[in-house]
Every structure is written in C-alpha cells, then in structure tokens.
Amino acid sequence: MEWAEKYRPEHLADIVGNTSAVRQMADWAKTWTARSKPLLLYGKPGIGKTSSVYALARDMNWDVIELNASDQRTAAVIERIAGAGSTTASLTGSARKLIIMDEADNLQGTADRGGAKAILECIKNARQPIVLIANDLYGLAAELRLRCEPVQFRALPARSIAPRLKYICSSEKIACSESAVHEIAESAEGDMRSAVNMLYASAIGRQSLDGKNVHTSQKDERVSIFSLVTAVFGKTSDEELIRLSRDVDEFPEDIEQWVEGSVHTITDPAGLGLAYRSLSRADEYIGYTYRRQYHTLWRYATAVMLLGVADASAGKGIHSRILPPERWQKMSVAKKQKAIRAAVLSRLAATMQLPQATLREKYMDIITLLVDLDPETFARELALDADGLNFFLNDKSRAQEILKSLAKVEREKEPEPKKKGRKKAESPAKDADPAPAVDPVPKEELPVKSAPEERPADPPAPEEPGRKTVAHNQSTLFDGF
C-alpha cells in the first residue's frame, strides 16, 4: 500500500495545518440541521480537503456517498445517487449520510451534462449534509457558490509538512536525515500528498535516507497572480519577471488591473508617476491589440507594465495584502446582490402566486415592513438563509441571530433515539410501587343493586311531508347554511 493512503488521517485531530478550516467543519457538523448550507471546501490539490471530509464523517459516525470526476455526473446520475441519498435515511443505523461531491468545479463535457443544475436541485431538497470540494472557487457557478458555506484550505508550510514526514519515517523504521526531510518538504510546495509520495519513492528499498538519495519532482503548475505581483514590487530581475508573466494564466489586461491595485504602496511621488505612466502606455498597447487584432502587441504591453512598475518600486517590496481590483469587487458584490434578490423574488412569487414584476413594483415595501415585524415566521415559511433574510432586514448580524435561534428550535424538536424512549417507557413500570392488598369482601356482605327500570322510548316525531331530516353535526363555521 502506498504511504499516501496508508497514512491518510483518520480523524480531524490528525489533519496537519488548516486549523481554522478544520474547526469550521467540526462546528458545522455539530450544529447541522436541514436548513444548514452545504460546505464548499476549496484550495489547491493535495492539501487535505478530501481527507478532512472523510475524517469528519468518521468522527460523526456518518455514512458517505461520493461522486467525483471519475464518475459520470449527468443530471440523471446525480439525481439517482446523490439526490436519493440526500433525502433518505441510512440503512446501517448511522444518524446521517454525508454526500461528497469532489471536483465540483470540473463539470465539463457531455459526461457531466446537466450536472451543475442537478447539484443545485439536490442542495435545495437535501435532508442530509452535503460537502462540495473544488480546486478553484470561481470555477463554480455563482448561484452554486451563494448556496454554500465556503471553507478555504491553504497550502501547508514546509515546517508543518516536515514533522509528518519524520513520523512516517519513524513508523517505517527508516533513518531519515534532516536535510532529506527539509528538501522534500520544500519541494512539495505546500502539497502534503506530493511530499509523502516523494518520500515513498525515495525510500523504496532503503533503510536510511539522506539528501543524496532524495528524488524530488517539481509539479507542472501555473504561477499565481499573487506571486507575479509580489515579484514586481520585490527585487526580481527583468528576465525572471518576463518568465513569470508567461507562466501566469491571465490576460495582460487582467494583469494590468492586479498590478494597478497595488501601485498605491509606492510612496515616492516620482516613482508613483513613473508607475502610472507605464500602466498607461501598456493600456494603449492593449487597446491597439483589440482594435487591430494584432496580438503580438501583448508582449510589449506586459513588458512595459511589469518592468516600468518594478523600476518605480525600486524593489522596496509590498507591505499590504494583495487584493483583487476594486472594480471587480464592486461587480462581484452587485452580482451577488442581484442573485439574492432574484432568488427571494422567485420564492415569494411561488408562495403568493403572483408575478415577480407585480411583487417587485407594488408589494416589496409592504412585505419588507412585515418581515421586519415578524422575521422568524417569514424565515421559516420561505426557508430563507442569512443572505435572503438580510435582504429584507438590512442587518446581517440580526439575520444570523434569528437563523441560529430557529436552528436551535429545530434541533430541540428532533426525535431522540428509540432506545432512550423505550427506557423511559419501561422505567415507570419498574419504579411503580405495587398496589396495596385489599381484603376481599364476603359475597354475603356485598350489597345487591337492583337493575334500573327501563323506560319505554318516546315515539319518534312525525316527519312533515316533503321535508328531509338534516344532521346537525357542525364541523365548520359555514355548516348548515
């Protein structure tokens, strides 16, 4: 058995790194109700997402149903497997079944036709916990992201990977030097699975391992935009900047906006002016590219913006978080609000049997006032999540508190296990005191009661001709009229 599988973590406590993500998963599982959002785990491959989900299921004693990229994930398959599993109880005695949809951002081609829509329907109707796993958060449809609770898994630092490698070497009785462990941990680039596989490949047939025997392999990965922006403002050579720009999977106009978002960190006025002139010149090249369809100009645009801003920053580095361009953030917020509004209007229209246009134009102000007066009832009847309730209340903290109280009430209503109920039913019979013995009364002393005289029944009243007898068993306000 390969070591990556042999030493896969069995419990959440065994997961290396990502402490906040693991804690978020545990809290979600302990407080899960039918109203809870599915979890969406995202992050680069090999950092423990799938292992964490299986460890969670083992800790909670939940059965598991998994669909991954190796399966056909058409609408029919998802409905038959995950859809049925999400609404039915477990046959093994487990309290719940955990539905795992791995590589949810990789629904492509005819083999996965209709899969994204089927996942949405499965989430809407689910009565069992669901976890989606993705490498790229934005590879999922926006509506799917909004219906899930995101949990980010980050790449592991080498100092977190090294102790796990030492533990494996100790378990396999292999003497491994510090240099070998350090080299493997650094080469893995945050990927625990890759580190364990490299250790396994290096240790085959050996009783000891040092730096000379280590077989490392660099994974063929694209450079992230964050690495490129950091390099632009750091002490990076021109050749290295051009190489990094070729390995980034972004268009030049997108790179330009990312770099522009961090230009404000340049404090020297002269340097700031040079940076903006470089970006302006690069923008002209990008415009020429689209107007003339001459894409060779892209290379000039990239070189001008990167080398110009790097020269302006003078290698002083960037000392703040690298954030997406502000325009993108505003567009993302607007898109999210639009999706929430559309979902709320759709539910209201279906409940009230009115067209969405009529609701939006005539009744939204009144409904908003009613929701503010009794948010619990509306949240329960319309199955609103935090975003949907906040759409009416415009108070996110209040919306979350209301949903927490509703979830607590639902958990209290859940039936207890049958064994406890049976014990409670049997306990009164065991604890009850026996009835006191009563001396029987002799038959001679028992008083004899005479049967009451039967009175002849009154003759029925004669019915009027042409009139039927009506029963006066009124069950509603309008009976008898």
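Please read every residue number as a count from 1 along the shown chain.
Backbone N, Cα and C define each Cβ position, glycine as well.
According to Swiss-Prot, the feature ATP binding site maps to Gly43, Lys44, Pro45, Gly46, Ile47, Gly48, Lys49, Thr50. Note on Thr50 (ATP binding site): other Cβ atoms within 10 Å of its Cβ, all shown chains, come to 20. Under DSSP, Thr50 (ATP binding site) is assigned to a helix (H, G or I) in the three-state scheme.
The compositional bias 'Basic and acidic residues' annotation in Swiss-Prot covers 408-433 (among others).
The compositional bias 'Basic and acidic residues' annotation in Swiss-Prot covers 441-457 (among others).
As annotated by Swiss-Prot, compositional bias 'Polar residues' applies to 471-481.
The annotation region 'Disordered' is assigned in Swiss-Prot to 408-481.
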Chain-internal residues, separated by at least six, CB under 8 A from Gly43 (ATP binding site): Lys49, Asn135, Gln152, Phe153, Arg154, Ala155
Neighbour count (Cβ, 10 Å) for Pro45 (ATP binding site): 13
Which same-chain residues, if any, lie at least 6 apart from Ile47 (ATP binding site) yet have Cβ under 8 Å of it: Gly17, Asn18, Phe153, Arg154, Ala155, Leu156, Gly190, Asp191, Met192
Set of same-chain residues at least 6 away whose C-beta sits under 8 angstroms from Lys44 (ATP binding site): Asn135, Phe153, Ala155, Gly190, Asp191
Other CB atoms within 10 A, centred on Lys49 (ATP binding site): 22
Proximal but sequence-remote residues of the same chain as Gly46 (ATP binding site) (Cβ under 8 Å, at least 6 apart): Gly190, Asp191, Met192, Arg193, Ser194
